[in-house]
Amino acid sequence: MPQSRTHSRTATKHIFVSGGVASSLGKGLTASSLGQLLTARGMRVTMQKLDPYLNVDPGTMNPFQHGEVFVTDDGAETDLDVGHYERFLDRDLSGQANVTTGQVYSTVIAKERRGEYLGDTVQVIPHITDEIKSRILAMSGPDLQGHQPDVVITEIGGTVGDIESQPFLEAARQVRHDVGRDNVFFLHVSLVPYLAPSGELKTKPTQHSVAALRNIGIQPDALILRCDREVPPALKNKIALMCDVDVDGCISTPDAPSIYDIPKVLHSEGLDAYVVRQLGLPFRDVDWTVWGNLLERVHQPRETVRIALVGKYVDLPDAYLSVTEALRAGGFANRSKVEISWVPSDACETEAGAQAALGDVDGVLIPGGFGIRGIEGKLGAIRYARHRKIPLLGLCLGLQCVVIEAARSVGLDDANSAEFEPETTHPVISTMADQEDVIAGEADLGGTMRLGAYPAVLTKGSVVARAYGSEEVSERHRHRYEVNNAYRDRIAKSGLRFSGTSPDGHLVEFVEYPADQHPFFVATQAHPELKSRPTRPHPLFAAFVDAALKHKLEERLPVDVHGEERAAVATDDELADSADRDEVASVDSAG
């Protein structure tokens, strides 16, 4: 006779977030917002994403298919939802926060090859599901500081019914059995579509989605009803009855004004209080001090600033998700709204193209990327911003392009990166020594870049040191190429300063033009956007947006005491002289 199981109500609680009917309903933001609410109630929350694709990680996936790759401090290449988790929880997560089918199968097959299964026939159940469970339960262990989480929120990627998601859902069902029903909460995100011709909200898709979930042994405790409008009480009652969920657990979530309003929406519907009651968590009121201040800055900006994001993947904004969130957070730091102008880098290859694309912006951001496509356009945008004193921030590839443009401006006409032109006579950007076997095709491409957090030392009094308020910083990285130190002296003749390096001085981490040459022209080999939080904006982005605001204010026409406008722009002769200088510089740097 099997023994009865007893479970402690004080154990770490597990919340599983699944999705149904359609993808892109906002499971990640829902999970992040619930995590934020529980954190604001004084609980220690950690989060995890289970991705059903067979890739080991998203590091080699096409940005147009997957969006950005979010890098953690420990060097894991993870799903972009992990970025949402870090931003909403305001805490760093490890590579454990992202589990893929590829990782699970790789581990299980490796164990089989080592003979760890003692001759068993290896199957999806129990071997694959056991490996998934071990990774879920590992999140409930102490963190690096020795703190055990009160709650683990696990988002299950895909939708119910996907064949790829079934092992993860089965593992989640087994976790409930293993740790006790009182310690597990299932939250299901479903679509309630509105049919305009009939003027009705339809509940059948949600009913079918919940039925599919129940077929595999999971009864949801609460439903997130996604719709473009409020779900009326009568419909909530119907869904509660047909899906066997408490009415208090039917949460209407219409589209919010901003993603930062989602916690307020969930709280107003009582989701966090319902979860606390169901899991027996200690009840504390939500402390809105920090998040309320954020919402005030989101909805009551004093200024608006326009930033051009000159990128290669602008057709899919998710490819730059952390960059755009960091820009917006930089705006919050300055009580300003950042409007992003999405500029395909190809559009800036010519002076006329750059003028058309960048003529009305207050700042230019050059993000990371790979490959030669669009590089000349990035160089054109950099040249345009340098000549016209428009604030610029370069990230990763952005730094490399800034260095190439500076080198070309001092006579190294064919200066280039070994990534784009392996045979260039002036490889001002070269392959890192430990990456040469990868470039030669003699090692794996995935997971082999310089990944994770690395320290840097900043030059005292530099623009970046003033922005950070420190001369020692740590930032996350993801790259294979570096500034070629053999060209540092020649590049410095352009006025560009190498204002931050690795502690040993070998690897260039930051470059800038001094403040007396340009109001703000900074680039970094790192990805500082990955450490920005809406409630704690990254200092580089805050300084960049501040410079863009000052640039905007300087462009305005002041009014004298008699009410007459005084021209705050150059005279026609001065503009003509400037255009001549720009044309000469453009021809000189184009080679």
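Residue positions begin at 1 at the first shown residue.
Here the Cβ of each residue, glycine as well, is placed from N, Cα and C on the backbone.
Take the L-glutamine site that Swiss-Prot assigns to Gly369, Leu397, Gly398, Leu399, Gln400, Glu419: the candidate from Arg306, Arg476, Arg480 listed for it is Arg480.
Annotated by Swiss-Prot as region 'Disordered', the relevant range among 520-543, 568-591 is 568-591. Same-site candidate for UTP binding, as annotated by Swiss-Prot with Ser23, Lys202, Thr203, Lys204, Pro205, Thr206, Gln207, chosen from Lys133, Lys236, Lys238, Lys264: Lys238.
Annotated ATP binding in Swiss-Prot involves Ser24, Leu25, Gly26, Lys27, Gly28, Leu29 plus, out of the candidates Asp79, Asp81, Asp90, Asp92, the residue Asp81. Fewest Cβ neighbours within 10 Å among the binding-site residues Gly369, Gly398: that distinction goes to Gly369.
When the alpha carbons of Gly369 (L-glutamine binding site) and Asp81 (Mg(2+) binding site) are compared, the span between them is 19 angstrom.
Summarising the environment of Asp81 (Mg(2+) binding site), the number of other Cβ atoms within 10 Å of its Cβ, over all protein chains shown, is 24. Among the residues the record lists as binding L-glutamine, namely Gly369, Leu397, Gly398, Leu399, Gln400, Glu419, Arg480, the two farthest apart have Cα atoms separated by 14 Å.
In the three-state DSSP scheme, Cys396 (active site, nucleophile) falls into the coil class.
Spatially, by CA atoms, the binding-site residues Asp81, Glu155, Glu419 include one closest to Cys396 (active site, nucleophile), and that is Glu419. Taking every protein chain shown into account, Glu155, Glu419 are the binding-site residues, and of these the Cβ with the most other Cβ atoms within 10 Å belongs to Glu155.
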